[in-house]
Amino acid sequence: MTLLRLEPRGEASRAMVYATPLLAVALTLASGFLLFWAMGFDPVKALHAFFIAPLLSLRGLGELAVKATPLVLCAIGLAIGFRANVWNIGAEGQLTLGAITGGGLALAFYGEGGWWLLPLMIVAGMAGGALWAAIPAFLRVRFNASEILTSLMLNYVALHLLNYLMHGPYRDPDGFAFPESRLFEADAVLPLLVAGTRVHLGSLFALLAVAAGWFLMARTFIGFQIKVIGLTPTAAGYAGFNQKKIIWLTLLLSGALAGLAGLGEVAGPIGQMNPTISPGYGYTAIIVAFLGRLHPVGILLAGFLMALSFIGGEAAQIALGLPKAITGVFQGMLLFFLLATDVLIRYRVRFGAKGAAGSGVGRAAA
Amino acid sequence: MSSPPHRLELRGITKRFPGCLANDQVDLVLRPGEIHALLGENGAGKSTLVKIIYGVLHADAGQIRWNGHDTHIPDPAGARRLGIGMVFQHFSLFDTLTVAENISLGLDQPGPMDALSARIAEVSERYGLSLDPRRHVHNLSVGERQRVEIVRCLLQDPKLLIMDEPTSVLTPQEATRLFETLRRLAAEGCTILYISHKLEEIRALCDTATVLRGGRVVGSCDPRKETARSLAEMMIGTELSTPERLPQGEAGAAKLQVRHLSTTSDNPFATNLKDVSFEVRAGEILGIAGVAGNGQAELMAALSGEALVPDPASVAIEGRPAGHLGPRERRLLGLAFVPEERLGRGAVPELSLSENALLSGYAREPLVRSGLVHFGRARSYAERIIGAFNVVTHGHRAEARSLSGGNLQKFIIGREILQKPRLLVVGQPTWGVDAGAAAAIHRALIDLARSGAAVLVISQDLDELFVLSDRIAVLFHGHLSESRPTHHTSVEEIGLLMGGLFNHPPDEDEVDRAV
Amino acid sequence: MSAELALLGPILAAMLAAATPLLFAALGELVVEKSGVLNLGVEGMMLVGAVCGFAVAVQTGSSTAGFVAGAAAGAGMAALFGVLTLLLLANQVATGLALTLFGVGLSALIGQGFVGIPIADVPELYIPGLTDLPVIGKALFGQDALVYLALAAVPAVHWFLYATRKGLILRAVGENHAAAHALGYKVIRIRFLAVLFGGAMSGMAGAYLSLDYTPMWAEGISAGRGWIALALVVFATWKPGRVLLGAWLFGGVTIAQLHVQGLGIDIPSQLLSMLPYLATVIVLVVISRDVARIRLNAPASLGKVFHPDA
């Protein structure tokens with residue numbers, strides 16, 4: 001503690017708010033360099049395969065948008081909750097439920113669909129996610145139970161529920177006991193936006209969510225209440241803002257967005273139901289939300305960066321035989337570095353012993 | 001015979017914080033057995049100086065001599081080893097631990113718990129500070145908590161005892177008893193450094209006074225030879241203008257009526273209100289006195305709407321039952337409200353003044369339209385407050401926490417008064433506020449009442465209540481006394497009420513609140 | 001009748017074993033929270049402890065070395081958390097989540113060469129006569145050392161917190177860090193040590209899973225037990241003895257879920273697998289609704305950032 005000392009700044013540093021995410025990315029790349037080197041790979045090649053190569057083709061860019069879509073959708077909702085100190089970490093489960101309810105409709109109306117099916121699936125997906133998020137909301141508001149733990153527990157429950165459905169009701173009757181559903185019919189699949197890629201309508205929803213999230217937080221009185229509740233709950237109580245209402249609102253909203261993300265996966269790139277809908281989008285979205293500074297525009301950028309880590313991981317696995325697990329390590333490191341460098345926003349770092357003159361008093365006395 | 005060495009001698013103590021010079025070349029000499037006052041306004045640097053003496057902070061420059069020897073005080077444990085004890089203004093106690101455990105934590109060699117308990121009983125007996133070592137601190141009154149701190153210091157046989165604003169939480173009678181204890185200690189040779197801004201008690205108690213202003217020593221004197229006014233002028237540096245008490249106008253219709261208000265709380269540390277009744281009329285200021293922790297927080301919450309009360313009729317605003325209404329609805333009925341904690345309840349530290357203007361201003365000012373915030377209007381509202389109440393700040397964009405205590409309090413009170421309330425409830429309006437701001441705040445409250453609004457002031461500062469109020473009532477253990485007209489009562493009488501000497505049914509639960 | 005009784009013995013033994021990782025992790029986290037720090041990274045520390053313990057045990061052939069390595073790895077992860085939250089003042093909730101996400105990835109990376117490798121079983125206690133007792137013999141006298149160690153940790157933690165001066169100081173720091181600082185206690189150092197202890201205990205919990213309970217390495221082997229341990233601390237209202245009760249309860253639910261099908265009740269296994277998680281939610285609700293009790297027992301500084309000059 002005497003080597004490194006933190007001195008509070010009078011006011012938060014605006015510059016650091018923007019600088020620390022970049023610093024965190026730089027530190028992550030540097031650590032990645034060392035990590036690859038330690039594992040016996042050529043670090044330059046590996047970083048290139050991971051972070052550059054995927055960006056060099058239209059298909060690669062398209063995949064980036066495809067992967068960023070669920071991340072951004074989930075993170076927008078989570079970030080609004082985090083602003084209000086509502087720690088929903090159940091986006092993974094809410095995403096799964098959205099897929100289960102929305103995708104279930106596609107299977108229920110298999111062979112008898114129409115133009116109405118897709119809109120209905122979207123509504124059902126959002127409702128499913130919101131419903132799943134309503135459980136922690138209810139338990140928090142009514143029983144004071146920590147939404148961190150309840151929403152997380154429900155992730156496991158949702159996963160087991162999906163597993164059950166894939167081995168039972170949702171399974172393709174002609175699929176030889178494989179835990180996969182029938183492929184969705186055309187009227188149950190989200191239309192593609194860019195030819196030659198898999199970019200689908202869901203990406204447009206994600207952009208809309210970014211815009212709506214920004215408007216909510218920057219312009220509306222609800223957004224102001226969310227901010228005050230998150231910063232100083234007692235001041236919110238004094239002002240007469242209804243905290244229970246905000247807990248409900250933020251959880252239902254983030255649940256609905258995560259549900260939409262789940263529906264977008266099964267009705268988009270996957271095109272059917274299977275037991276591995278998400279490679280952990282709901283968890284990675286937490287990183288996206290923080291990396292984006294809980295700000296919708298920041299989240300959009302962070303969503304692309306995290307999407308790149310998913311695609312880069314796959315690409316590097318194919319090109320160089322890098323282990324896939326390295327994606328998770330990169331994501332975790334990035335969040336760590338961000339949290340570590342965030343201290344610079346409110347504090348200056350000083351090196352050297354604390355109060356050199358103070359100990360000078362001691363020396364003078366000796 | 002040569003005089004014994006000085007107990008403590010400070011030479012040229014300087015301490016700088018980012019943006020302020022808290023102590024500037026401070027010299028101070030303390031003799032054995034003297035009661036020495038350290039006098040100064042909030043922000044004059046008293047706290048910084050005593051924290052340096054107690055080793056919590058380290059001076060940037062300067063020398064400390066203890067009993068004639070140069071010394072260095074690295075940390076509070078080092079201070080205690082020298083024989084320095086300190087009773088903090090905000091007690092450093094642990095609510096869920098027992099008295100004995102708390103005291104043990106403040107000792108370097110506490111020994112086994114049983115022996116310690118016996119010593120606690122003995123010392124508290126000897127100095128008239130009755131205390132049960134086995135009780136949990138959250139069950140103690142504020143006065144008892146202070147005794148824990150004092151006994152903790154006494155067990156170390158201190159040569160210097162620092163008392164930081166010790167009477168701010170005591171009834172006048174408790175304060176008198178404390179003075180007796182301090183005099184006995186001084187007679188035994190212990191030096192007492194007594195920090196206060198209450199002039200009368202310094203004149204009654206202390207042998208010497210050193211006055212700080214803006215981080216510098218501006219004088220020292222024998223307080224018994226000074227008047228309260230001359231001491232105050234030394235402290236403030238200008239001539240003092242006391243707000244004059246205008247004769248009360250005609251009290252009008254009741255704006256706030258509280259009838260048989262009782263509360264229950266699921267917070268085990270709360271003091272429940274018991275059958276509290278009073279009313280505040282248009283044009284008058286009612287003061288509610290009482291030692292902290294006697295139900296003030298609960299009364300404030302029940303009035304503001306932060307806590308709802310079961311019977312709507314027990315709180316009526318402008319004759320309308322309001323007990324079931326939240327803060328927003330009560331504001332619409334004409335209530336404005338200044339909470340006791342200004343940073344963290346009355347204002348959000350990290351938000352700008354415009355946003356803090358919106359915090360309570362949204363209900364009675366046109367700052368929100370169809371769910372959207374009108375930021376331009378919030379900004380001009382903030383600027384109106386800053387202008388009307390002389391808030392010193394670099395503009396409406398400044399974060400609330402960048403303001404000094406006095407300026408933030410002026411901003412919050414201004415924000416409430418500019419909403420033209422028919423009823424204003426204020427908690428501790430000038431706690432920790434410099435004298436200039438305090439005078440301005442008192443002026444504003446009196447003006448508001450004279451303009452026909454009802455004002456309720458809940459404060460622990462009796463001087464303040466006697467300056468402001470037309471009537472005074474006292475809160476004790478959740479009971480409220482009858483109110484008395486200010487000119488028909490005295491500090492002594494109110495002090496007795498603050499100690500609980502008024503008729504109320506005996507309480508079972510305040511003796512042994514469940515642990 | 002006797003057949004069912006015969007079934008009871010193994011069930012009891014299995015329940016104690018299933019409770020062991022929860023006990024380690026929850027006791028560790030209890031000490032951390034008593035010092036005023038909320039570390040949500042238990043799951044991540046457990047996973048890294050599990051994989052490191054397994055790797056070292058495979059390399060050295062010694063399960064003891066494995067347990068030590070697991071504890072060290074957990075403590076290492078905790079040190080990361082400590083640096084971020086205590087020295088760099090990062091938000092504890094966010095950092096704990098980051099620790100878990102990082103632990104999931106790191107353990108998968110370290111463990112990729114160890115998937116499917118068998119490992120020698122940890123020897124179990126055998127006391128002639130006692131271990132052979134019907135029903136309770138195996139459960140009480142036939143477990144391996146870690147089960148007994150976890151049980152011994154309950155009174156040990158209780159003794160430390162409530163009968164020693166260091167424990168008193170730790171509780172004081174968690175109750176009111178500003179006051180503890182004013183008295184001259186090294187808040188950050190004390191909390192750092194508590195966090196390290198919590199990490200080592202989580203690492204032990206993980207190593208128990210991979211070396212003993214399962215015994216093998218698989219990605220995500222902890223399956224949410226770190227989070228359940230966090231819930232157990234709340235369930236126990238921060239009292240060590242009640243952690244034991246909670247751990248047994250969850251051990252029981254876990255084992256019951258495995259045996260229900262054996263009893264011929266026809267419920268799909270995926271739905272039964274939900275039980276421990278649902279039980280956690282229910283238990284949390286039951287405890288949390290008593291706001292007064294939580295307030296009296298929760299460390300008052302829990303999760304709050306401490307800066308000595310602020």
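Every residue gets a Cβ built from N, Cα and C, even glycine.
What you are looking at is a predicted structure, and each value in this text was computed from that prediction instead of being measured.
Copied over from TrEMBL:
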| type | residues | note |
| --- | --- | --- |
| TRANSMEM | A:15-38 | transmembrane segment |
| TRANSMEM | A:64-82 | transmembrane segment |
| TRANSMEM | A:94-110 | transmembrane segment |
| TRANSMEM | A:116-139 | transmembrane segment |
| TRANSMEM | A:199-217 | transmembrane segment |
| TRANSMEM | A:246-264 | transmembrane segment |
| TRANSMEM | A:276-292 | transmembrane segment |
| TRANSMEM | A:325-345 | transmembrane segment |
Checklist line | Intrachain residues whose Cβ lies under 8 Å of the transmembrane segment (A:325-345), provided they are six or more past its termini | finding: 6, 12-13, 16-17, 19-21, 23-25, 27-28, 31-32, 35, 50, 280, 284, 286-287, 290-291, 306, 309-310, 312-313, 316
Notebook entry, point to check: For the transmembrane segment (A:199-217), which partner among A:64-82, A:116-139, A:246-264, A:276-292 gives the most CB pairs under 8 Å?
Noted result: A:64-82
Checklist line | Among the ranges A:64-82, A:116-139, A:276-292, the one whose Cβ pairs under 8 Å to the transmembrane segment (A:15-38) are most numerous | finding: A:276-292
Margin query: Should anything in the same chain at least six residues away from the transmembrane segment (A:116-139) have a Cβ under 8 Å from its Cβ atoms, list it; otherwise answer none.
Written below: 88, 90, 93-95, 97-106, 109, 145, 147, 150-151, 154, 158, 187-190, 247-248, 251-264, 267
Notebook entry, point to check: In terms of Cβ proximity under 8 Å, which residues at least six beyond the ends of the transmembrane segment (A:246-264) contact it?
Noted result: 69-70, 73-74, 76-78, 80-81, 83-84, 86, 88, 90-92, 94-103, 121-122, 124-134, 136-137, 140-141, 147, 190, 200-202, 205, 209, 222, 225-226, 229, 277-278, 281-282, 285
